[in-house]
Amino acid sequence: MKVYCLLLVLLVGLVSQAHGKPTKRCLSVCSAEYEPVCGSDGKTYANKCHLMTEACWSPTSITLVHEGKC
């Protein structure tokens, strides 16, 4: 049974690599601490973690412009 599970995990890994798209590893949980920052998209984010998470998932580049509200 252990061998079967190991083979299954390896197979899934090989199949995901065969598609050529790297898997994004974006943060999905940020603290609720409110330390607003302004993103290059003109939006105010609750904190730097929220901005970086949005930047990771966004198809366009989002960077930190300055600390504080936009």
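Just so you know, the numbers here start at 1 and follow the chain as drawn.
The backbone N, Cα and C atoms fix where each Cβ goes, and this holds for glycine too.
For C26 (disulfide bond), the same-chain residues that are 6 or more apart in sequence and have a Cβ closer than 8 Å to its Cβ are T53, C56, W57. Secondary structure at C26 (disulfide bond), taken from DSSP and collapsed to helix, strand or coil, is coil. Marked as disulfide bond by Swiss-Prot on the basis of sequence analysis: C26-C56 (among others).
Residues annotated as disulfide bond in Swiss-Prot, with sequence analysis given as evidence: C30-C49 (among others).
Sequence-distant contacts of C38 (disulfide bond), defined as residues of its own chain at least six apart whose C-beta falls under 8 angstroms from its C-beta, comprise T44, Y45, L64, V65, H66, E67, G68, K69, C70. Summarising the annotation, Swiss-Prot assigns disulfide bond to C38-C70 (among others).
The domain 'Kazal-like' annotation in Swiss-Prot covers 21-70 and rests on sequence analysis.
Positions annotated as signal peptide by Swiss-Prot: 1-20.
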Q. In DSSP terms, helix, strand or coil for C56 (disulfide bond)?
A. helix
Q) In the domain 'Kazal-like' (21-70), how many residues does DSSP call helix, how many strand, and how many coil? A) 10 helix, 9 strand, 31 coil
